[in-house]
Amino acid sequence: MELTQYNEPPSNKDADPALGFLTRKETEVKLPRPTRVKNKTPAPLQITAEQILREARERQEAEIRPPKQKITDAEELAEYRLRKRKEYEDLIRRVRWNTSVWVKYAQWEESQKDFPRARSIWERALEVDYTNATLWLKYTEMEMKNKFVNHARNVWDRAVSLLPRIDQLWYKYIHMEEMLGNIAGARQVFERWMTWEPDHHGWAAYIKFELRYGEIERARSIYDRYVECHPGDKAWIRYAKFEVKNGDISRARQCYERAMEQLGEDGQTEELFVAFAQFEERCKEPERARVIYKYALDHIPKGKAETLYQKFVQFEKQYGDREGIENVVVGKKRFQYEEEVKKNPLNYDSWFDYARLEESVGDKEKVREVYERAIANIPPAEQKRYWQRYIYLWINYALYEELEAEDYDRTRDVFKACLSIIPHSKFTFSKIWIMAAQFEIRQKDLKAARTILGNAIGRAPKDKGYIEFEISEGEHDRTRQLYERLLDRTKHLKVWVSYAKFEAAVQLEEEARADEEGREPDMAKAAEQAEERARRTRSVFERAYDSLRTIAPEQKEERAMLLEEWKETERNFGEFGDVAAVQKKLPRKVKRKRPVTSEDGTAAGFEEYTDFIFPEETGMAPNLKILDAAYKWKRQKVDSDDEA
């Protein structure tokens, strides 16, 4: 068998495999070319939309309606009924779930006056969906419309037994009995309904039913059951209004009081208090109403008492005096601050304003309550910048207890509590230590003040307050000890200068004793003590100078400043001072240049600075003599130019 090679058809560059190798030219749709309008003049006969619609209506064919049939005998009637029933039954088999089909079928049987068949259809429909209240309503409507009262009662009884939570069934049942004049039967239906504990509308309907027939006591007993079933403000307010309408004010007030007692603080609402206060206001009892408003504002959360507050403002404007109106204004601000601190408890500025408001009112317990609530909001982070505003809450609290409340034990407790919550290992506040010590000083308890300041030095390295305290007490030896302890931690220039100034300002013992005894001081002893004071001060300056020279020799400017202070102090000592000795230590100022480098490390030229050359450094700098000679030559030249 000879095999022949298969040759593909010649390729066509326009062929597309998706089109079965047909060319696009063969498959493209040729649309007619748009023709140009040669004559654009309007047509002589214009056609309107109205004309088009008229022509369409004229050409419309007549509607074909089926001929009317007239039933002339019983046989035709039976045939008609059979045909309709067959249509309805077929339709029901297809859409058994469709309620409207059942309703139409039953209503058609009703129109044929075949009530047993109609009832049968209603019962079949209820077997499909007995929870459909519409079926029950249509069913009973048929029975009532055709005056089958007992049948209607039976249907109603079944309906309310199966669907007791459908209020409309109960309303219709009761309405039927009332229209029939069967008041006892309607009342019995109401009682059956109440056993299911319906909502407020059901109880209100029962009460209105009894009131229509003048049964006040029955209505009152129903109200008692009503408030037991629904123990809320709505039921109690309705009960009280019922008593007011019947003119029994004492019973109405008793209703409100029972409501307050039974509901408790958790169940008391803004609406109940407003209704109670307005009731007392209508009874010409403004004092009772004011007490109710104030009690409500104290016990209801501020966010739920906006309407209550507005009513209270209107009440005070009508019945209150100037003080009462001011209290209302304060209450308004209090409400505003409560909202602010509720939104952001860490907003310490709002707490400050709130506390000042309560302080202006003068109620100590409320002021303390606000401060306690404020200080309970501790900053979340242990960083000093977050605590700075918070600490002033404690300070204001302590000052209030001391100055306004004059409760010194409580003030001491406030300071202790504040110092206990500060994280001293990370930061502290010297101000609170000093204020606590100053409080003890005002209470004449110097031992407690020293204890506080001693603890402060250990935790907060700020000795200024302790030193000032000992100076004010005249404890010079204690003050020197504090300065020495401070110098063990730091050799700063300010500490040395402060120490020297303290020694220079110490009062002479002879002068102090003479002032106490009321005599002239002994000049010889005073001079001896003044010389000793100068010697002590000079010793401090010498130690400071040696310390700065050995520990930080590069800090020449600080040494120069120390010498200036020393020289001024020696001058103030008068005959006991030694200004010349200090003058020998003073440095000479020299202007020099030093290279400046930029941020990238390259040279950026030179800058001029002032250097201090101390006398003890003269031997270390061989070029200083040349500089001295240059300075002398320049000074002589300037003097000669001035003379010329």
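The backbone N, Cα and C atoms fix where each Cβ goes, and this holds for glycine too.
Note: TrEMBL annotation is automatic and uncurated.
The feature compositional bias 'Polar residues' is assigned by TrEMBL to 1-10.
Residues or ranges marked as region 'Disordered' by TrEMBL: 1-20 (among others).
Residues or ranges marked as domain 'Pre-mRNA-splicing factor Syf1-like N-terminal HAT-repeats' in TrEMBL: 87-231 (among others). When the domain 'Pre-mRNA-splicing factor Syf1-like N-terminal HAT-repeats' (87-231) is classified with DSSP, helix, strand and coil residues number 114 helix, 0 strand, 31 coil.
Here TrEMBL flags 249-329 as domain 'Pre-mRNA-splicing factor Syf1/CRNKL1-like C-terminal HAT-repeats'. Mapped onto DSSP classes, the domain 'Pre-mRNA-splicing factor Syf1/CRNKL1-like C-terminal HAT-repeats' (249-329) shows 71 helix, 0 strand, 10 coil.
Annotation source TrEMBL lists domain 'Pre-mRNA-splicing factor Syf1-like N-terminal HAT-repeats' at 335-457 (among others).
Look at TrEMBL and you will find 512-533 (among others) tagged as region 'Disordered'.
Feature annotation from TrEMBL assigns compositional bias 'Basic and acidic residues' to 520-533.
Taken residue by residue, the domain 'Pre-mRNA-splicing factor Syf1-like N-terminal HAT-repeats' (335-457) breaks down under DSSP into 95 helix, 0 strand, 28 coil.
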